[in-house]
Amino acid sequence: MRWLRYLNQWRGTAKEAFEQVSIVAKFLCLIHLTDRYIISSTHVQGPSMLPTLNLTGDVILAEHLSHRFGKIGLGDIVLVRSPTDPTRMVTKRVLGLEGHRLSFSADPLAGDGSVSVVVPKGHVWIQGDNLYASTDSRNFGPVPYNLIEGKALLRVWPPRFFGSLR
Amino acid sequence: MYAFGPSMILTLHPSGNVALAERISEISRGDVVILQSPQDPNKLLIKRVIGVEGDCVSFVVDKDESRRTIVVPRGHVWVEGDYTQNSRDSRTFGPLPYGLIQGRVLWRVWPFQDFGPIGPTTT
């Protein structure tokens with residue numbers, strides 16, 4: 001019987017502990033939802049978006065709301081799930097929306113041969129700013145709009161390049 | 001989710017079913033999957049996965065009855081509806097990037113007389 005009384009004494013503390021844990025749990029859920037569906041920070045690296053983004057890596061803030069409302073426009077830098085490797089995300093610029101006619105040179109180092117293409121319905125044309133070192137729609141074709149997962153807003157690291165991306 | 005349409009007759013009813021889908025497991029050949037349409041970003045389709053990357057898929061082009069063979073590129077899958085006569089699938093829009101797959105259909109909940117798993121075997 002003594003241990004029952006002992007348990008009762010701890011009831012107050014247990015209740016308080018539970019409340020604190022549930023506050024932490026709710027906060028973590030909120031962080032996860034914000035990161036996944038509203039705005040998140042991503043580390044991007046690689047030469048395909050020079051000179052806009054650095055070779056060795058930048059941290060950018062990307063928002064995940066615009067693509068759900070169809071508000072991705074020409075010239076936006078977007079985070080896209082790669083059509084050739086579904087576990088990777090790539091960062092490119094949108095250069096064509098559905099219905100646009102684009103002409104590009106299939107291999108910029110090999111001369112002037114140029115190809116013209118119309119972006120089909122439900123797709124976008126993405127290209128890296130650095131045409132010489134980017135695998136993008138010139139290689140794998142227009143990508144379906146739903147592969148876009150975020151739009152880049154601004155760069156937060158390195159601090160001397162802090163600012164919005166154009 | 002509520003599914004309707006003629007393209008999966010014999011597996012799903014054309015006039016409506018309620019089914020459960022999961023997003024956890026790896027997609028393999030024979031699975032019925034939900035995918036975002038590459039032609040209309042707001043539409044969701046339900047089709048069966050016929051081929052995964054690297055597979056050689058052979059299909060009949062409806063318009064002129066000719067047979068074509070294609071290798072599914074890396075990162076893509078080939079989907080077809082079970083009722084091929086009335087289904088807009090990879091034979092129309094080509095191989096589908098894996099990232100557009102939203103989940104795998106597991107179980108039919110309604111109509112109740114058909115309650116049960118939606119499996120990989122086709123009739």
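Glycine is no exception: its Cβ is also placed from the backbone N, Cα and C atoms.
Because TrEMBL annotations are produced automatically, they should be read as predictions rather than curated entries.
For B:S7 (among others), the entry in TrEMBL reads active site. Sequence-distant contacts (6 or more apart, same chain, Cβ under 8 Å) of B:S7 (active site) comprise B:L45, B:I46, B:K47, B:G81, B:D82, B:Y83, B:N86, B:S87, B:R88, B:D89.
Secondary structure from DSSP puts B:K47 (active site) in a beta strand. The annotation active site is assigned in TrEMBL to B:K47 (among others).
For B:7-59 (among others), the entry in TrEMBL reads domain 'Peptidase S26'.
What TrEMBL lists as domain 'Peptidase S26' is B:67-110 (among others). Among residues of the same chain six or more beyond the domain 'Peptidase S26' (B:67-110), those with a C-beta under 8 A of the stretch's C-beta atoms are 3, 6-12, 17-23, 25, 27, 31-36, 38-39, 44-61, 116-118, 122.
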When a 10 Å sphere is centred on the Cβ of B:K47 (active site), how many other Cβ atoms does it contain?
25
